[in-house]
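Undergrad: Shown below is the structure under consideration.
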Amino acid sequence: MTELKNDTYLRALLKQPVDYTPVWMMRQAGRYLPEYREVRKNAGDFMSVCKNAELACEVTIQPLRRFPLDAAILFSDILTIPDAMGLGLYFETGEGPKFERPITCKADVDKIAVPDPEDELGYVMNAVRTIRKELKGEVPLIGFSGSPWTLATYMIEGGSSKAFTKIKKMMFAEPQTLHLLLDKLADSVISYLNAQIAAGAQSVMVFDTWGGVLSPRDYNEFSLQYMAKIVDGLTRHNEGRQVPVTLFTKNGGMWLESIAATGCDAVGLDWTIDIENAKARVGDKVALQGNMDPSMLYAPLPRIEQEVSKILSGFGEGGTGHVFNLGHGIHPDVNPDHAGHFIESVHRLSKPYHK
């Protein structure tokens, strides 16, 4: 495999010395870029881009042509696993993802099997291999999956939800059924991420988008314990390097200590927690990723720069162990020039912290 020309992102995740704070953006390959919209229009729909290795590679690399990002992230969707389990994923305009056959009872859970990542999810592995080849060692490639809890919310609700009543009904009325599903999903995520690593992903991330809707007790029982199982089951060395693992629970700021105790290398932060506070609590154990509010990219350029400066100074001296990112995905109507200024500001303003 090609030697990495820029491994700053991987080194920061492992709390090794770096010359500046690395940066990438959640959803950096996406609708805010006109070149992405063009590919998507020609492909017909979102999953057609995901399932074509050349198109997935093209959109993964598009933001790297514009910006000096320190990592590429596989262009895919968190719902590939439930789709491969036969739930019938489809997208309604303006409605987001939906499933034709949601999970409603134990019989539904018994029917689904752990997908073979090189068979039903082979298109994802083909995309990983294609992207790695195309990157030519410029920057590392991040693989990812949804967390078992977050995948289960879509599978049981049948799509997005505001109140999560269907999954919470199962959680409180039939907890053993939900645990059975979450356990199958954890096994699926382990095999899926390990296949991505074998195909060339140099770091992996688990997105627990909906963990923050749970009480502390339920978060530990229904979300975190399954992410801990995943961390335990992952390949942590490949191609002569450590493969860092990042866990990200949106609205999970109150549980940082528990997340850090899973054995992950890094914890993702959203903007609802102060990075200085997060570092004081868990910075000795894990690296931190985040955490600018993505809506800050609507602000005038000097305001964006001011926010970057505030977050960098919040993380402070002894600057390794921080990967700069947004606290969630970049919004589709953001001006790409604002994203570019954000990235340039992180690189320029972070250098004094790494002398």
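Note that Cβ sites are derived from N, Cα and C of the backbone, with glycine treated the same way.
Pasting the relevant annotations from Swiss-Prot:
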type    : residues                                                         : note
BINDING : Arg27, Gln28, Ala29, Gly30, Arg31, Asp77, Tyr154, Thr209, His328 : substrate binding site
SITE    : Asp77                                                            : site 'Transition state stabilizer'
Undergrad: Measuring Cα to Cα, how far is Arg27 (substrate binding site) from Asp77 (site 'Transition state stabilizer') in Å?
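TA: On Cα coordinates alone, these residues lie 10 Å apart.
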Undergrad: Can you grab the distance from Tyr154 (substrate binding site) over to Asp77 (site 'Transition state stabilizer')? Cα atoms, rounded to a whole Å.
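TA: It is 12 Å, counting Cα to Cα.
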Undergrad: Provide, as an integer number of angstrom, the distance between the C-alpha atoms of Arg31 (substrate binding site) and Asp77 (site 'Transition state stabilizer').
TA: 14
Undergrad: Non-local Cβ contacts of Asp77 (site 'Transition state stabilizer') (under 8 Å, 6 or more apart, same chain)?
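TA: Looking at Cβ-Cβ distances below 8 Å from Asp77 (site 'Transition state stabilizer'), excluding near sequence neighbours, one finds Phe46, Met47, Cys50, Pro97.
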Undergrad: Which residue, of the binding-site residues Arg27, Arg31, His328, has its CB surrounded by the fewest other CB atoms within 10 A?
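TA: Fewest other Cβ atoms within 10 Å, among the binding-site residues Arg27, Arg31, His328, is found for Arg31.
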Undergrad: Three-state secondary structure of Asp77 (site 'Transition state stabilizer') from DSSP?
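TA: Where Asp77 (site 'Transition state stabilizer') sits, the three-state DSSP reduction gives coil.
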Undergrad: Across all the protein chains here, work out how many other Cβ atoms are within 10 Å of the Cβ of Ala29 (substrate binding site).
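TA: Here the count is 25.
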Undergrad: Can you tell me the three-state DSSP label for Ala29 (substrate binding site)?
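TA: Going by the DSSP assignment, Ala29 (substrate binding site) belongs to neither helix nor strand, so it counts as coil.
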